[in-house]
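As written in TrEMBL, here are the features:
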{"type": "ACT_SITE", "residues": "B:Asp333", "note": "active site, 4-aspartylphosphate intermediate"}
{"type": "BINDING", "residues": "B:Asp370, B:Glu374, B:Phe404, B:Thr405, B:Ala406, B:Gln407, B:Thr408, B:Arg409, B:Met410, B:Ser411, B:Lys422", "note": "ATP binding site"}
{"type": "BINDING", "residues": "B:Asp549, B:Asp553", "note": "Mg(2+) binding site"}
{"type": "COMPBIAS", "residues": "B:14-24", "note": "compositional bias 'Low complexity'"}
{"type": "COMPBIAS", "residues": "B:33-44", "note": "compositional bias 'Gly residues'"}
{"type": "DOMAIN", "residues": "B:133-234", "note": "domain 'P-type ATPase A'"}
{"type": "REGION", "residues": "B:1-45", "note": "region 'Disordered'"}
{"type": "TRANSMEM", "residues": "B:69-87", "note": "transmembrane segment"}
{"type": "TRANSMEM", "residues": "B:93-112", "note": "transmembrane segment"}
{"type": "TRANSMEM", "residues": "B:245-272", "note": "transmembrane segment"}
{"type": "TRANSMEM", "residues": "B:278-302", "note": "transmembrane segment"}
{"type": "TRANSMEM", "residues": "B:615-633", "note": "transmembrane segment"}
{"type": "TRANSMEM", "residues": "B:645-667", "note": "transmembrane segment"}
{"type": "TRANSMEM", "residues": "B:687-710", "note": "transmembrane segment"}
Amino acid sequence: MSPVLAGVLQLTALVAALALAYRPLGDHMAAVYSSPRHLRAEKILYRCIGANPDAQMRWPAYLRGVLAFSAVGVLFLYLLQRLQGGLPLSLGFASISPDQAFNTAASFVANTNWQSYSGEQAMGHVVQTVGLAVQNFVSAATGMAVAIALVRGFARSRTGELGNFWSDLVRGTIRVLIPISVIGAVVLVACGAIQNFSGIHEVGQFLNGPGLGGHQQTNGGAVATQEVIKELGTNGGGYFNANSAHPFENPDAFTNLFEIFLILVIPFALTRTFGKLVGNVRQGYAVLATMGVIWLGFTALMMWTEFAHGGPALQAAGAAMEGKETRFGVGASSIFSVATTLTSTGAVDSFHSSFTAFGGGLQLLGMMLGEIAPGGVGSGLYGMLIMAVIAVFIAGLMVGRTPEYLGKKIGTREIKLAACYILVTPTLVLGFTAASMVLPDALGSMLNTKALGAGSHGFSEVLYAFTSGANNNGSAFAGLNANTPWYNTTIGLAMLLGRFLPMVFVLALAGSLAEQKPIPETAGTLRTEKPLFAGLLVGTILIITGLTYFPALALGPLAEGLS
Amino acid sequence: MTAPAKPEEPGSMTTTPTATPTRAPHQDLPGGHQPGGGRVGGGLFDPKQLVRSLPDALRKLDPRVMVKSPVMFVVEVGSVLTTLFACLSPGDWFGWAIAVWLWLTVIFANLAEAVAEGRGKAQADTLRKAKTDTVARRLNGGVEEQVAGTELRIGDLVVCEAGDIIPGDGDVVEGVASVDESAITGESAPVIRESGGDRSAVTGGTKVLSDRIVIKITTKPGETFIDRMINLVEGAARQKTPNEIALNILLASLTIVFLLAVVTLQPFAIYAGAEQPMIVLLALLVCLIPTTIGALLSAIGIAGMDRLVQRNVLAMSGRAVEAAGDVSTLLLDKTGTITLGNRQAAEFVPVRGTTEAEVADAAQLSSLADETPEGRSIVVLAKEKYGLRERHQGELVDAEWVPFTAQTRMSGVDVDGRKVRKGATGSVIAWVQERGGEVAEDAQQLTDAISQAGGTPLLVALEDERGPRVLGVIHLKDVVKEGMRERFDELRRMGIKTVMITGDNPLTAKAIADEAGVDDFLAEATPEDKMALIKREQAGGKLVAMTGDGTNDAPALAQADVGVAMNTGTSAAKEAGNMVDLDSNPTKLIEIVEIGKQLLITRGALTTFSIANDVAKYFAIIPAMFAVAYPGLDTLNIMRLSSPNSAILSAIIFNALIIIALVPLALKGVQYRPVSADRMLRRNLTVYGLGGLVAPFLGIKLIDLLISLIPGLH
């Protein structure tokens, strides 16, 4: 079978699996977030944290919950790393330095999972399992909660109430993430992913075959359980430095496809949940179509540019295999890399920096879109809905009415909040990248430089780092030493601000929408469930993002790819 | 001008006069069905206006004025900076060219606004002529004293006689007079103003032509209708509307995004070894920020108001115009709006034992002295359908005319020993029975049948040598205005529900509603019913528009999102509404909705166009900036522009010229047709979205070709 055909077949299987899971999972989540019943385990949890799960929160209260919970998460994770040296099961690893501990804590709480450390050389079992894995669950559940609050803003009227953050957080974790993770972990273990608390082993030849690898050390760990939530919660922080390219995390072609499925399944299914909760599943389908078109388009382009393997070295080699696993090949690696950059995952099964210049550009652009196709769990949906608000505003004017979306007027306040939302990440990405281009310290971290004839690639690496951080992706273009005080601090800030500032605007918007009275639909209403609107939304997203980042992309991947 | 509180009395023969001549709904729309012309079009754009408005445009360069438009303010700052940089290297033609075109961009924007305002100014000048200083004859405890018009206070009573200019807005409290209101309405025919009722309001600056009236002043000097009108058409009272503010926020945030993209580009460029001259960065910034819509936004708003003024509608706020676009329920008074102002005789129905001709003859006889439209229509029907020659009152000597009174509810004539009567069913039956006559048993059935069909039955009775008896029934029908059904179909396609308001009984109302094609009706409507209906619709999230003229309409006019008061109405109604129709034509409500929609569409279309334009500008400027550092980027120069300088200059020139090119569109408004939202979006996206993507590629290439022809610029 030709590699192209294999890639296309894998993509087809993936789409089929996602389609199968779409309705049941979407409906399940809609039920989870609207059920009046609490499970016994949940009641115990509520009692422990002293929350009343039935108290309705207005947006400031909801936001306070999100921020307080996350702040505690950052602090806990920071302390855990700083104290690692004294913890049991730490495999002898020392405590983490303050700037790296801050960076890692911010990273995991912000659902980014940017890692300026190597898992197998820095983090012991306790930090991995009690710290990082727990955040993998709750940071994902926090994102889903905020998305659901925004959906309630659309669905509810004449009230400012957005639901209860604690209940949304706990339910998202217990009823959605944990059950799927259990099943997923079993699948991964069955396929060969490891799950133990074993210590450091001296391993011989790492891969079979002559001349591959030598003696090296590796440790065990609760890898399968962490791997599954890493993908499912669009976290992306690998147990091992090689992330999903590591055979303990991602043993074979099937687990690779399964992990891509896990990355995409919740973000896509949330559009169904959205449709159910606003009482019109077709609205959800329109959002799904928008996400799907962008995702498939990016995947097709990525496979095209990787299979075309432009450039003399790649042509000579016969395939763009540099940085890709032979277990997966070009097709599966392309699918994975698009899925991970169009969501806030950032897990990698191949080396992003080694993709062709245009491939790297697609990964960058995918994140720059704001990771909304389908995006991170929760964050993808609310990011897409914000773009829908912007698109509705412009298109709504063109049908001669004050713009409205889902029966809610998009007025001054709404557009102000949406505008603030879309300003956050470009400010962080472009601002920090620009600063890094003039600060000698920051420039010193770059391994690819103009002097080496790789100026544009070096620039892409820095741009990628901040794009990944501010958009909460977490994947990296290697070639940049990011474990420096400058990058640890600025990327840490980018991750926190890029995660929580948008949430402030989303929740404020939700509150504003929930207070409105609904406008009934008439023939004069812009039909936001029609293909025309989905097309318009795709166009709006591409043009707004394209215009913002075109100069930066031109000097990075375009300059590299067109040379 | 029905006052819904008074259900129309069948057979009363009284109708309040309709203020407007009825006209086919489309014929008063400029550019009605001309190809290419918008259905709601503004006045024609005269390029000379650009020249005339130039001084105003330059005056607006004041930064304190410019700062109100964030996008254009950034361009002005960019122009100042570019000029400074150009001064620093005076030999560089490129810097000067960019500076000049940036200034032109700002001036073009101001020009657009100035032209839009200029049209209002001309109208304001005409109005000012009417607002001469008047001397008022104030009644002080019954004694007349002369005071200046400016000294009048609310509640003062003033006397006006033939030839006097009315000194201020007020209500007639005594007398009746004919008034020349042409100063405001432009309509030269005098109108009657009388105390009590719905025609009591008079406007300062209008002239009493006959008789004497006493007026109670209802507004302070300086706040009169004419003052407000001047302010409105001049744009002095213009405030940004909610939607305009929201759009401004979006434009401002896009400006920030592009500012960010350009400011951070310099460090990137420095790293790439291609540090850019400040002038180039400023040029890029101006190209990217949405200058097209930023420049035209306020002109669009002013022109929208202006389009209303041209149709003799005064909107008290821009907010009302915007709300008009959002209206989803229209309350339309039946009489004068949907139907011609009065009922007309449709047929004569004999009772058993008589003939149609007999009924026609008697009906005609009884109506000869009846000058009401209904009365005339009976005579006309008798002549046209039954060939009865119209007899003149003078032919019938000794005829004793019995006029209609509210008590008898009948009219008729006694002549040649015959007594003919026509009138309300009950009254005529009572009259016949009183005189010992017999009432045909099918008379009641016939009248019921007519009522059920939505008509108004009038019984005709005769007393002659055969004794008093009922002859038959005149079927009076409301006549629905021509073209209304099509109009309502259009409104339905636009997603607007029409509700007919009438004082008629539900049966009559339903029949007319069906015939006219309205979606719903409110029968036997009282002002309270109307108010309740508005609140009910609003509670469902709908915006409601209505017209009204009576004092009893005032609460509903105030409650409605768009309340259009008729100029003939009371001052209370005018005060309560947020628009006044100087022509007092209730059908105009539909046009007002269209103008409101057109205003929003124009904004959206030009915003889309403006943003879509940027794509081409990047393809022009980015290769020009970086093709030296990264030769590969020249691939992006898909327009194959002749040189980097020419590429940047072409983009800037295109950016400036497109503003001037779109001024006529901004003033006239985007073509609007009443179709569904989907079709409208598809069309506007194709024209302004795709058009906006493609146009600058062609435009910039063309300008580049012209520039490359100028020798010595490379």
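Keep in mind that glycine also has a Cβ here, set from the backbone N, Cα and C atoms.
Just so you know, TrEMBL annotations never went through curation; they're auto-generated.
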Open item on the list: I need the CA-to-CA distance for B:Thr408 (ATP binding site) versus B:Asp333 (active site, 4-aspartylphosphate intermediate), whole Å please.
Closed with: 28
Open item on the list: Is the transmembrane segment (B:278-302) in contact with the transmembrane segment (B:645-667), using at least 3 Cβ pairs under 8 Å (sequence separation of 6 or more) as the test?
Closed with: yes
Open item on the list: Which one is it, among the recorded positions B:Asp333, B:Asp549, B:Asp553, that lies nearest to B:Lys422 (ATP binding site) by Cα separation?
Closed with: B:Asp333
TODO: With B:Asp333 (active site, 4-aspartylphosphate intermediate) as the reference Cα, tell me which of the binding-site residues B:Phe404, B:Met410, B:Asp553 is the closest one.
DONE: B:Asp553
Open item on the list: Applying a 10 Å Cβ distance cut-off over all chains shown, what neighbour count does B:Asp370 (ATP binding site) have?
Closed with: 21
- [ ] Could you give the residue numbers and ranges of same-chain residues that sit at least 6 residues beyond the transmembrane segment (B:93-112) on either side and whose C-beta is under 8 angstroms from one of its C-beta atoms?
- [x] 50, 53-54, 56-58, 60-61, 66, 69, 72, 75-76, 78-79, 82-83, 85-86, 277, 279, 282-283, 286, 291, 294-296, 299, 645, 648-649, 652-653, 655-657, 659-660, 663, 666, 713
Task: Mean per-residue pLDDT computed across the domain 'P-type ATPase A' (B:133-234) - done: 82
TODO: State, in range form, which of B:69-87, B:245-272, B:615-633, B:687-710 has the highest count of Cβ pairs under 8 Å to the transmembrane segment (B:278-302).
DONE: B:69-87
- [ ] Report the listed stretch (B:69-87, B:615-633, B:687-710) having the maximum count of Cβ pairs within less than 8 Å of the transmembrane segment (B:245-272).
- [x] B:69-87
TODO: Using C-alpha atoms only, work out the spacing between B:Asp553 (Mg(2+) binding site) and B:Met410 (ATP binding site) and round it to an integer in Å.
DONE: 30
TODO: Quickly jot the same-chain residues contacting the transmembrane segment (B:687-710) by Cβ under 8 Å, restricted to those at least six beyond its ends, or write none.
DONE: 605-606, 608-613, 615-617, 619-620, 638-643, 646-647, 649-651, 653-654, 657-658, 670
TODO: Please state whether DSSP places B:Asp553 (Mg(2+) binding site) in a helix, a strand or coil.
DONE: helix
Task: Fewest-neighbour residue among recorded positions, criterion Cβ within 10 Å, set B:Asp333, B:Asp549, B:Asp553 - done: B:Asp333
TODO: Looking only at C-alpha atoms, tell me how far B:Asp549 (Mg(2+) binding site) is from B:Phe404 (ATP binding site), rounded to the nearest Å.
DONE: 26
Task: B:Lys422 (ATP binding site): tally of other CB atoms within 10 A of its CB - done: 32
Task: Secondary structure at B:Met410 (ATP binding site), reduced by DSSP to three states - done: strand
Open item on the list: For a quick check of packing: other C-beta atoms within 10 Å of the C-beta of B:Phe404 (ATP binding site), how many?
Closed with: 21
Open item on the list: So if I draw a 10 Å sphere around the Cβ of B:Thr408 (ATP binding site), how many other Cβ atoms end up inside it?
Closed with: 17
